[in-house]
Every structure is written in structure tokens, then in C-alpha cells.
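Structure first, commentary second.
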Amino acid sequence: MEEDLFQLKQLPVVKFRRTGESSRSDEDGISGEHEVQIEGVRTELEPVELGDGAAVPKEFANPTDDTFMVEDAVEAIGFGKFQWKLSVITGLAWANAMEMMILSILAPQLHCEWRLPSWKVALLTSVVFVGMMSSSTLWGNISDQYGRKTGLKISVLWTLYYGILSGFAPIYSWILVLRGLVGFGIGGVPQSVTLYAEFLPMKARAKCILLIEVFWALGTVFEVLLAVVVMPTLGWRWLLILSALPLLLFAGLCFWLPESARYDVLSGNQEKALATLKRIATENGAPMPLGKLVVSRQEDRGKMRDLFTPHFRWTTLLLWFIWFSNAFSYYGLVLLTTELFQAGDVCSISSRRQEVKAKCSLTCEYLTEEDYTDLLWTTLSEFPGVLVTLWIIDRIGRKKTMALSFLVFSFCSLLLFLCVGRNVLTVLLFIARAFISGGFQAAYVYTPEVYPTATRALGLGTCSGMARVGALITPFIAQVMLESSVYLTLLVYSGCCLLAALASCFLPIETKGRGLQESSHKEWGQEMVGRGSHSPG
């Protein structure tokens with residue numbers, strides 16, 4: 001007996017402890033570390049430290065708990081083959097930037113071919129934004145009520161159908177209606193970010209969401225290159241049809257997409273959520289946590305009132321203004337760029353506007369090869385914006401990243417007051433667009449992180465809708481007000497971004513290093529803290 005007890009004392013007992021944060025929450029009395037005591041025997045435990053992002057060894061995965069949450073499983077499984085596939089497929093949906101970029105190419109072509117007056121050409125652009133604005137909240141509600149996969153698939157297939165149909169429009173009224181319906185579908189495509197974010201571990205979330213934003217920039221570049229090849233030979237109808245190619249690829253691959261496990265748990269479908277998590281673990285070659293998956297309290301989903309609870313009221317209002325300012329400034333800069341390049345500098349723009357006024361509204365000017373080159377260079381500024389945001393967002397946080405982006409844009413806008421040459425003008429516009437696009441991308445990271453699963457899609461949808469309001473208003477500033485005073489126009493954009501920078505700083509929640517909140521009935525961060533942060537007693 002004494003010999004057996006002596007051998008038992010020699011056995012090493014291993015204690016598992018994860019370094020870093022977890023999304024688990026239990027009663028405060030529960031510690032994240034568990035010691036095993038054998039009566040009459042004092043056993044020293046050997047702590048095993050895991051570095052950030054390290055997978056839990058299979059033999060130690062959740063060794064003492066009998067339950068786990070979706071967040072635990074996502075963190076334990078980590079980033080792998082499944083997430084790479086998901087990145088490509090959701091990225092194809094995000095490449096719908098081609099449907100937006102085509103507006104700058106289609107407008108002058110139809111202006112010449114159908115002899116449209118300027119206001120009808122402008123209406124072709126506006127009707128797309130009207131469609132997006134009117135549908136963004138609806139698609140968010142659908143995604144919260146019926147699933148992220150359902151909302152995304154319907155919106156993409158809708159956009160694909162009416163996008164191809166636009167190529168067969170016989171008259172102006174037909175293409176106006178069809179492009180409006182395309183805009184209605186595009187309003188739901190941002191839900192790809194909601195679906196994508198809910199499968200990402202905490203450490204990789206910001207970087208991965210920013211990287212699928214690269215598909216937006218790739219879509220705009222590909223659209224310009226496609227136009228260079230297609231427009232001189234096949235014409236604008238074939239360009240409309242071929243621009244739907246990424247969405248067609250998505251439609252062929254979307255059968256692979258699973259429904260969000262977070263959504264399934266919240267809607268009470270525990271078995272489906274568990275099957276999805278096991279599928280991810282198998283594809284990534286990682287172990288599942290042991291024990292039983294905890295089913296969250298079922299609650300109403302996609303309710304607008306939940307965006308204005310005491311916990312989220314200020315967050316919602318500030319985010320609406322931030323998204324409005326992002327789109328207002330981004331699309332305003334796109335419109336200003338053409339005017340400033342053609343005038344040479346700010347000081348010459350007033351005289352040029354007077355010359356343009358003297359021209360007939362039916363004056364026809366097709367896009368030249370030089371115009372396509374300028375469009376290409378302008379869109380390339382999106383890539384530096386992604387890289388800068390990627391580098392700073394996990395260093396200084398989401399709020400400060402958005403604030404910095406707005407401040408740099410505002411500063412560059414003020415510098416345009418100087419009568420700088422074309423080269424300096426190009427540099428300032430390039431920097432301004434890089435940072436305002438980076439701020440847009442940071443907002444796409446922050447918004448899905450700050451809202452709970454029950455209202456995440458709706459929150460993103462309403463923010464996207466406010467962005468479209470900004471995009472609708474900005475032509476009146478960048479084109480109408482510009483005729484009266486270029487300096488007042490620049491001051492409006494600069495002032496708006498200064499206010500947006502302040503709004504970013506006043507956001508009550510910083511989501512850097514936090515898990516995704518599952519329930520709206522808990523204080524924000526209550527289930528984000530993790531077991532390891534509780535102290536015994």
C-alpha cells in the first residue's frame with residue numbers, strides 16, 4: 001500500500017491554462033484553472049502555457065468542463081482550411097464592386113448612344129443608391145430572422161438575375177428600373193461580412209475581414225480592365241453581362257456555405273450548430289472541445305428596438321453618423337477627383353465650370369484610353385488603404401483607427417485649398433482616398449463585433465443604409481455646391497470628417513481583443529471576459 005502511494009506521488013498531474021482571452025462566462029466563483037487534489041496527498045501541478053493563437057492539444061481540450069459555447073469551439077478549432085475556403089466564397093460576393101464601378105463607365109456611354117440629357121445620366125447612378133438604401137435594413141432583418149446564409153444567397157441571386165437582365169434593356173426606362181433592382185440586391189451583400197465574422201477566431205477576425213475587403217478593390221480594378229477589352233468591341237451590354245461573373249461563381253459555390261453556428265444556437269437548432277462545428281474541426285484537422293454545446297437563451301431576432309436599448313443606443317447613433325460620413329466623403333472624393341484632374345488644380349476649377357455651363361447638356365464625350373488609365377490609378381489607392389488599416393487596427397484599436405482615417409482625410413482636404421500642381425494634387429487625392437477607404441474597412445470590422453448575434457445583421461444593415469444616404473447626398477455637394485464655391489465644398493467634407501473622428505472617439509465600446517457577444521440580455525463584455533479572468537472567491 002505504501003509503495004502504491006509512493007508511485008502515485010511521483011505521477012505528474014498536468015494543469016491546463018490558456019493564455020489570452022476566451023469568450024466563456026460562468027459564475028464569478030468559477031476559476032479558469034482546476035487543481036486535482038487526492039486526499040492525503042499533496043500534488044504539485046505543472047502549468048502548461050499556450051501561446052496566442054495556439055491550438056489546444058487534443059488530450060487537454062476542455063478537460064474539466066462538461067459544457068462549451070460556440071465561441072469556445074471557434075477559438076479552439078482556430079483558423080484553417082475551412083476559413084480559407086470561406087474567405088474566397090464570401091470574397092466573390094464582395095466583388096460586387098464591379099456593379100458599382102460600372103456606373104462610371106456606363107453613364108457616359110449611354111449619354112452618347114441614347115442621347116440622354118445630363119440629369120437622366122445622373123439618375124442612373126442615384127437609382128442604384130436608392131435601391132441599396134431602401135433594402136439594407138430589410139436584408140439585415142431577413143438575415144437575423146431566417147439565417148445569414150439565406151439572406152446572403154437571396155440577395156446575391158437577386159443581384160445576379162437583374163444584373164444580367166440589365167444587358168437586355170431596350171430603352172432608358174427599362175434600364176433605370178433594372179439598375180434600381182440591382183441596387184436593391186446589392187444592399188444585402190454586406191451580410192457576407194456578418195456570416196464570415198461569425199466563423200473567425202478572435203485573433204484573426206480583424207485581419208481576415210480586412211482581407212476580404214481586398215476583393216472589393218480587385219472587383220473595381222477588374223471592371224476597368226474588362227471595360228478596356230469589352231467596350232470597343234462588344235459594347236456596354238456585354239460589359240453588364242460579364243460584370244456579373246463573380247456573382248455567378250458565388251451562385252455555383254454557395255451550396256458549400258454552412259449556416260452560422262452562432263445563429264443556429266440562438267435559434268435553438270443545437271444539433272445543426274454542433275454538426276457545423278464538427279465539420280469545421282474536421283476540415284481544419286483540429287479537435288472539438290469535449291462536453292455538451294450550451295444552447296443560448298432563445299430571443300427575438302432582428303428587432304429594431306434592440307438597437308436602441310440602453311447598452312447600444314449611443315453606439316447605434318454614433319455608428320450611423322460614422323457610416324454616413326464614410327460614404328459621404330468616399331463617394332464625394334470620387335466625384336471631386338474627376339473635376340480636379342480636368343481643371344488641373346483647385347484655383348482653376350471655377351473658370352472650367354463656367355466653360356462647362358456654356359456647353360449643351362447633350363455634348364457627347366466617350367471615355368478614352370487615358371480616361372480608363374486614370375480610373376485604374378484611382379482605384380489602386382484602395383490597396384494602400386487596406387494595408388495601412390491592416391497594420392494599425394490591432395495595434396491601436398478599432399475606434400482609433402477610424403478616428404485616424406477621418407483626421408488624415410480631413411487634413412488632406414484642407415491642403416487642397418492651396419493651389420498645388422497636378423503631381424501634388426494626385427498625391428493628396430491618393431492619400432485621402434486610401435485613408436477614407438481604410439476607415440470604411442475599419443467600420444466593417446467594428447460593426448459586426450459590437451452587436452450581439454440577435455441583432456448583428458440588422459445593425460450592419462441599418463449602418464449600410466445610412467451610408468447610402470450619404471452617397472445620395474454627396475453629389476449635391478461635390479457637383480452642385482462646387483459650382484458656387486470649391487472652398488466651401490472642401491470645407492463641408494473636411495468638417496464632416498472631423499465630426500466623424502470625434503464620433504469614433506466617443507464610441508462607448510472598444511472591440512479590440514474581444515469575442516463576439518451572443519446574447520443581448522447581458523452587459524456587453526460579460527461573456528467575453530473568460531474564465532481565466534475570474535479569481536476564486
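We count from 1, first residue shown onward.
Positions of Cβ are set from backbone N, Cα and C atoms, glycine also.
Heads up, TrEMBL stuff is auto-annotated, nobody curated it.
Annotation comment: TrEMBL describes 85-512 as domain 'Major facilitator superfamily (MFS) profile'.
Annotated transmembrane segment per TrEMBL: 86-107 (among others), in sequence order. The list of residues near the transmembrane segment (86-107) in space but at least 6 beyond its ends in sequence, with Cβ under 8 angstroms from a Cβ of it, reads 121-122, 124-125, 128, 152, 156, 159, 163, 182, 186, 189, 192-193, 195-196, 199, 208, 211-220, 222-224, 226-227, 231, 236, 239-240, 243-244, 246-247, 249-250, 253-254, 256-257, 334, 367, 375, 379.
Counting same-chain residues at least six beyond the ends of the transmembrane segment (119-142), those with a Cβ under 8 angstroms from any Cβ of the stretch are 99-100, 103, 106-108, 110-111, 150-151, 154-155, 172, 175-176, 179-188, 190-191, 302, 304, 361, 457-462, 464-465, 468-469, 471-472, 475. Residues or ranges marked as transmembrane segment in TrEMBL: 119-142 (among others).
According to TrEMBL, the feature transmembrane segment maps to 154-175 (among others).
The annotation transmembrane segment is assigned in TrEMBL to 209-230 (among others).
Using a Cβ-Cβ cut-off under 8 Å and counting only residues 6 or more beyond its ends in the same chain, the transmembrane segment (236-257) has close neighbours at 85-86, 89, 92-93, 95-96, 98-99, 102, 105-106, 109-110, 113, 149, 152-153, 156-157, 159-160, 163-164, 166-168, 195, 219, 223, 226-227, 230. Annotated transmembrane segment per TrEMBL: 236-257 (among others), in sequence order.
Non-local neighbours of the transmembrane segment (311-331) in the same chain are 402, 406, 409, 433, 436-437, 439-440, 443, 446-447, 450-451, 455, 459, 462-464, 466-471, 473-475, 477-478, 493, 496-497, 499-500, 503-504, 506-509, 520, 523-524; each lies 6+ residues outside the stretch with a CB under 8 Å from one of its CB atoms. The annotation transmembrane segment is assigned in TrEMBL to 311-331 (among others).
The feature transmembrane segment is assigned by TrEMBL to 401-418 (among others).
Nonlocal intrachain contacts for the transmembrane segment (424-446), taken as residues 6+ away from its ends with a CB within less than 8 angstroms of a stretch CB, comprise 190, 193, 205-206, 209-210, 213, 319, 322-323, 326-327, 329-330, 333-334, 336-337, 340-341, 344-346, 378, 381-382, 384-386, 388-389, 393, 398-399, 401-402, 404-406, 408-409, 412-413, 415-416, 463, 497, 507, 511. TrEMBL lists 424-446 (among others) with the feature transmembrane segment.
What TrEMBL lists as transmembrane segment is 458-478 (among others). Packing against the transmembrane segment (458-478) from elsewhere in the chain are residues 122, 125-126, 129-130, 132-134, 136-141, 143-144, 187-188, 190-191, 193-194, 302-304, 306-307, 312, 316, 319-321, 323-329, 331-332, 335-336, 339, 443, 447-448, 450-451, 489, 492-493: each is 6 or more residues past its ends and has a CB under 8 Å from a CB in it.
The annotation transmembrane segment is assigned in TrEMBL to 490-509 (among others). Within the chain carrying the transmembrane segment (490-509), a Cβ under 8 angstroms from the stretch's Cβ atoms is held by residues 314-315, 318-319, 321-322, 325-326, 328-329, 332-333, 346, 399-400, 402-404, 406-407, 409-410, 413-414, 416-417, 436, 446, 450, 477, 481, 524-525, all 6 or more beyond its ends.
What TrEMBL lists as region 'Disordered' is 518-537.
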Cβ-Cβ under 8 Å with the transmembrane segment (209-230): same-chain residues at least 6 beyond its ends: 87, 90-92, 94-98, 100-102, 105, 192-193, 196-197, 200, 238-239, 242-243, 246, 367, 369, 372, 375-376, 379-380, 382-383, 386, 389-390, 393, 441, 444-445, 448
